[in-house]
Amino acid sequence: MQFHQQYTSIPISLNLVNILSEEVTSTTWNQEIIHKFLNFFLLGFSEEPEQQPLIFGLFLSMYLITVFGNLLLILAVSSDSHLHTPMYFFLANLSFVDICFTPTTIPKMLWNIQTQSKVITYAGCITQMYFFTLFAVLDVFLLSVMAYDRYVVICHPLHYMVIMNPLLCGLLVLVSWIMCILNSLLQSLMMLRLSFCTHLHIPHFFCELNKMVQLACSDTFLNNLVMYFAALLLGGGAFAGILYSYSKIVSSICGILSAQGKYKAFSTCASHLSVVCLFYCTCLVVYLSSAAPQSSHASAVASVMYMVVTLMLNPFIYSLRNRDIKRALKRIVRVPVIPGPIVPGLKKFP
């Protein structure tokens, strides 16, 4: 009798295990199905139909200017052997990142306006967030690397080409890429663990990390912790490096006796300083506007400044007052060039 009871209890246990495994499998399968058919709605700037053609034309113009302006800058640096120096190497990398940064958001917004649709899939949203985070942080890292380059050329001019050798320049760019890829991958994987309910309207024109975390109906404590820790570590660390470099630059410039020497020293980093101020000031406006209540429209407008306007202005800022860049651009468009003085101490890469 006892043997019969033990024997009959085995199928009951097996049935219980099968039911539990089926529930887990069903839950996982349902989660995958939900994510597969989940759609978000990008509210954009305005829902007024008469404003859509104006917004479309404005963003299409800025997008084309950004792409072609940075392409021309890369072409000018690569085609002129006099520009094969560390400063222009980092500048070409920054232009390449800016070209990759803009398509992460603008083409989708233009497509939504053209098709009169605000829908973006869950997979599309995660992909957009991944590449946006990657290139945004990479922009910050390259600005920090360029600040270090300006620090070396002003504070250690005699050892500049020894310190900023091709190996170090390549390593600085490679490490920046690796760290940004890992950070973006971490943020995307953290987003995959969240579940979303019914309210799927994003008050923006792209899938911003912070906005998506706010839409989740599951616990977001770990996501917020990782997000703010990464922002403090990567963004704050890069900004601290820029501040340190320019504090040393200002101290070194103040030690120059002649006014002409101070002007020449300051002019070597004026373009980079302008880009840094424009980028970080617009980022600060975005942060303050997103922290304020009922400020979704203001946050979207402020995001345009550092995502589109800053990237569009970078080629103009670096080329308008730079004789070497203007000379290279004139060669590209076949304009006769009058030879100018060669700047001493700037050897090209081998």
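Note that Cβ sites are derived from N, Cα and C of the backbone, with glycine treated the same way.
These features come from TrEMBL:
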- 69-318: domain 'G-protein coupled receptors family 1 profile' (DOMAIN)
- 54-75: transmembrane segment (TRANSMEM)
- 87-106: transmembrane segment (TRANSMEM)
- 126-148: transmembrane segment (TRANSMEM)
- 160-186: transmembrane segment (TRANSMEM)
- 225-244: transmembrane segment (TRANSMEM)
- 265-288: transmembrane segment (TRANSMEM)
- 300-320: transmembrane segment (TRANSMEM)
Surrounding residues of the transmembrane segment (126-148) on its own chain - C-beta under 8 Å, 6+ positions past either end: 87, 90-91, 93-94, 97-98, 100-101, 104-105, 108, 120, 172-173, 176-177, 179-181, 183-185, 187-188, 191-192, 206-209, 212, 234-235, 238-239, 241-242, 245-246, 272, 275-276, 279
Among the ranges 160-186, 225-244, 300-320, the one whose Cβ pairs under 8 Å to the transmembrane segment (265-288) are most numerous: 300-320
Tertiary contacts of the transmembrane segment (87-106) (same chain, 6+ residues out, Cβ under 8 Å): 59, 62-63, 66-67, 70-71, 73-74, 77-78, 128, 131-132, 135-136, 138-139, 142-143, 145-146, 149-150, 153, 169, 173, 205-206, 307-308, 311, 314-315, 318, 324, 346, 349
Long-range neighbours of the transmembrane segment (300-320), counting only residues six or more past its ends (CB under 8 A): 44-45, 59, 62-63, 65-66, 69-70, 72-73, 76, 91, 94-95, 98, 101-102, 105-106, 203-206, 208, 271, 274-275, 278-279, 282-283, 285-286, 289, 326, 329
